[in-house]
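Here the structure is laid out as structure tokens; the discussion comes afterwards.
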Amino acid sequence: MADYNKEQVNIRDEDLIPSTGLAADKTDGYPTGIRLFIIMTSLMLGTALMALDATIISVATPKISTQFAALDDVGWYGAAYSMLLTATTPIASNFYKYFAPKYVYLGSIFIFEVTISTVGSVLCAAAPTSPVFITGRAIAGIGAAGLIQGAFGILTYVCTLEKRPLFLRRVRWCFWINLPLGGVVFALILIFLQLHGVDDSTRKLPLALKLKKLDFPGVFLLIASVSCLFLALQEGGTTFPWSHARPIGLCVGFALIFIIFGLRQWQAGEDATVPMRYLKDHTVIWGSLYLFWDNMASYLTIYYIPFYFQAGLHQSPLRSGVSYMSFAVPQMIGLLAGGGITTATGHYMPIIVIAQILCAIGAGFLTTISTTTSTALWATFMVLCGLGLGLGVNVPHIAIQAVMETDNDVFVANGIASFFAQLGGSIGVPIGNAILINALKSSVPKHVPGIPSESHSLARLKTTSARFTPSLGSLYQ
């Protein structure tokens, strides 16, 4: 059973807190009282700015794909946002490493709220076609990485290690709320956030040297490789057969560019986007892999359960959103519980095991639902799945903070973990889209004769004709 012991984090006996096993930080310089409350509230609200782009699109996706007659593009509605978020997460961590965290965070708020979110949201709201909508989603994802990485990293400067799980769970909880609070957050952080111990040697380097150390070539290679992978997953088996030259070429391009990216990281050493020494740490590696699969399962559920509600059970988007709460609320409760249990016990591995058992049971039962499954049953299955996915999602970040030697290491290591988490979610959406499209193309001609199997026709299945409703609903189970 893994815990935060001195063997793991290489600390002295006097640095341990007996009640939890977590390493004790010196409390000098940490904000307290009303200042701490305002800072933590601001970080939570800042994280909430990402909630609309991160989650709300999922419930609207079935209706949007029907209006645009573009079922092939469903995967892009989620992947366009998360692809750029994934690719920019590592460099966001490096910005916090080389520049003052307070002002990097303020810059992220400005970019996301004032520039990126506004332009992206306008494009999405006024989009006349599916490609324009996807462009808006992509633009809206560019500035998001700095907010979540800043929230993770700034915690190391404002509270002790023992208390971070409690605050971290509250920051992540705000992913499920969205309010136009960018200006409020900016003002509160600017006035009240005073960080101590951040003027280290890396942040005193000349600006030109800082920019050189940010490894922009590595970032561009990473964006190129991830883009090839997403395009291959999105188009392979749907727009083009896997034997076609385009998906094959994209897969080859992904492999070659990723190899070049790896060589670049090895050559850049400590200045790499992903320094190799972090990949030798078992906590970082296993935590990142856990987040990869956890986020993939979460995104698959978030984006495709609404299809079951709207196309299978013929619910309206509003009613579908209410039904979706049977997954979202337990996931939020799991987020809250995970940090609290870790703080109380000092152990994180049991939480991961329990989380995966709950998720596996819930997801397994979800594969059995049909149009005749009672509300009580499918809601119970979604509760189990949501609770399991939420319970363990904070735990790797907590463990990484416990084993990193410096605050700068926390920024970079958590950035690597977040990159894998976003990568898992981004890959999961196009995989789910390919499965959905191929299943419908093969099932529709058998069950509903007279309806073509092309994806643009499939996108309008729900509104084609009332006489097809019973047969069509069963195809989405």
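Residue numbering: from 1, along the chain as shown.
Glycine is treated like the rest: Cβ placed from N, Cα and C.
For reference, TrEMBL has these:
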- 36-62: transmembrane segment (TRANSMEM)
- 39-477: domain 'Major facilitator superfamily (MFS) profile' (DOMAIN)
- 74-96: transmembrane segment (TRANSMEM)
- 103-128: transmembrane segment (TRANSMEM)
- 134-161: transmembrane segment (TRANSMEM)
- 173-196: transmembrane segment (TRANSMEM)
- 216-233: transmembrane segment (TRANSMEM)
- 245-264: transmembrane segment (TRANSMEM)
- 284-309: transmembrane segment (TRANSMEM)
- 321-341: transmembrane segment (TRANSMEM)
- 347-369: transmembrane segment (TRANSMEM)
- 376-399: transmembrane segment (TRANSMEM)
- 419-440: transmembrane segment (TRANSMEM)
Relative to the transmembrane segment (74-96), the stretch among 216-233, 245-264, 321-341, 347-369, 419-440 with the most Cβ pairs under 8 Å is 419-440
Two-stretch contact, the transmembrane segment (245-264) and the transmembrane segment (284-309), at least three Cβ pairs under 8 Å:
no
Return the average pLDDT for the domain 'Major facilitator superfamily (MFS) profile' (39-477) as a whole number.
75
